[in-house]
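> Submitted below is the structure of interest, expressed as structure tokens.
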Amino acid sequence: MKQRLLWLIIFTTQVLAEKPSVIIVGAGVSGISAAVKLFENGIANLKIFEAEDRIGGRIHTVKFGDNFIDLGAQYCHGENVVYDTVKDLDLLEHAQLFSTPKMYYSNGSHLDNQLTQDLQKVVSSYDHDITRSKELSLGDAFLKKYNSTILEKYKNDPENFKLASDGLTFAHSTILMHEGAFHWSRPASGRHYKAVKGDQMMVWKQRGYDMILDVLLKRYPDPSLKIPIEEKLFLNKRVTKITWTGDKASVKLSDGTSHEADHVIFTPSVGVLTHDDLFEPVVPPRKQQAIKSMGFDGIIKLILYFPEKWWHDSDSTFFFLWDRKDLEGITKEFNEGPSKDGISWVSNLVALVKVPSNPHVLIGWVSGGLIPEMEKMSLDVVKKGSMFVIRKFLGRDYNVTEPGEVLWSDWHNNPNFRGTYSYEKNGYFEEEVHYQDHLAEPLTQGTTPVVLFAGEATHPTHYSTVHGAIESGRREADRIIALYP
């Protein structure tokens, strides 16, 4: 018996000696996906350092109102790896939110004519049928399209031409909402992003997007099968320096401790890479260029809980279109919070969308260059400004009540994120060059990858998405697994 036990100890020691040590920086969905892949392939000598007090990264589901809401990622776009992972669990459903939106003008009138249909159509397909070149920004390319379609169509109709001209502000804000940029001159007109086939607007029936974390970790549907990463996970541990000379990498934390590993998988956002001097020595020029090529700004989610619901069950989405004169005189009506060129932050609230699983909650989508200042506003100012807009646009048709609770996301000013999701920056686009691939290239000693890079911004065609983040985490885990056959 003792001899068998001795052999078991020797065998176990030999096996562990042959397996690498891995540190994963960040417990977002890319870091979790990498950890799960490694663990399932027998590489369990892991440490996961997460700067926040929770896992999930830019997936952040919280209890609010009568159910849950997502402060970060919300929609599943197509039949991607997220869909494939949960399709047999009945967790997703189509979000019937934008099929019958209502557009309102800043004078309180409901706009429902051919022009508004044309406007919504051209904005929803803003990156289709545009001129793509390295010299042309997304905004410039869209303006060409808008001028040759909407403005050209209504040039002899003074009333509708004015509305069409005012519609450019709505178009700008909506495009920024999709791109996560502060201005439409910042994203490139060309892009390598590829949509996945299938329903592009699916939402979660239960809780929110954090369900994908439970499924990946096998906590759901059968908790007895869960992958035991708790002892591998260290929360509130911010990485301040990664040294990658020598055979091993050294990771220093904000608490002063240092940890060595054969491999490090770095998963924080490209925003963190842009702002923080994390690597010693600095990363090669090719990777520095890749970091510069990726834009990473932000949007804000405004979450409002109304104890007394005031909208109709048939309502799904409200869009807000400003009269230019109202826009320029807005600070006379509401002057709290930041403004630029005399135009208040409240004009950046572009849409209000209901949450099917949380019937007393509306989500406001806020975009634009004032995001860094807006995130710092008090919830009292947020509430006042939001209700000013909602009543200005909808007060004629609805008896708008007061919200009981308000939430306001702050992704850009959080040093652990620095924004929401990446985009390809104007001035860098080249059809044959995927800077995301350059960003994903490992830092090596000889031919051995010492520091590997995952996260949505490292995916060549699915950047800015959860499914891109998952695929990137698995990609880097596979890179390590291949070294230890």
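Note that Cβ sites are derived from N, Cα and C of the backbone, with glycine treated the same way.
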> Say TrEMBL lists SER30, GLU50, ALA51 as binding FAD: which of VAL215, VAL239, VAL251, VAL264 is in the same site, per that record?
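For the FAD site that includes SER30, GLU50, ALA51, TrEMBL also lists VAL239.
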> What average pLDDT is reported by the model for the domain 'Amine oxidase' (29-481)?
96
> Identify, in sequence order, the residues in the chain of ALA51 (FAD binding site) that are 6 or more apart from it along the sequence and have a CB within less than 8 Å of its CB; answer 'none' if there are none.
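ALA51 (FAD binding site) has long-range Cβ partners GLY26, ASN236, LYS237, ARG238, VAL239, PRO268, ASN416.
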> Give the three-state DSSP assignment (helix, strand or coil) for VAL239 (FAD binding site).
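The three-state answer is strand.
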> Using a 10 Å cut-off, grab the number of neighbouring Cβ atoms around the Cβ of GLU50 (FAD binding site), all chains included.
26
> In the same chain, outside SER30, GLU50, ALA51, VAL239, whose C-beta lies within 8 angstroms of the Cβ mean position for the FAD site?
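Going along the sequence, the neighbours appear as ILE24, VAL25, GLY26, ALA27, GLY28, GLY31, ILE48, PHE49, GLU52, GLY57, LYS237, ARG238, THR267, PRO268, ASN416.
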> What three-state secondary structure does DSSP assign to SER30 (FAD binding site)?
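SS state of SER30 (FAD binding site) = helix.
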> What whole-number distance in angstrom separates the two most remote CA atoms of the FAD-binding residues SER30, GLU50, ALA51, VAL239?
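Between the most distant Cα atoms of the FAD site, 17 Å.
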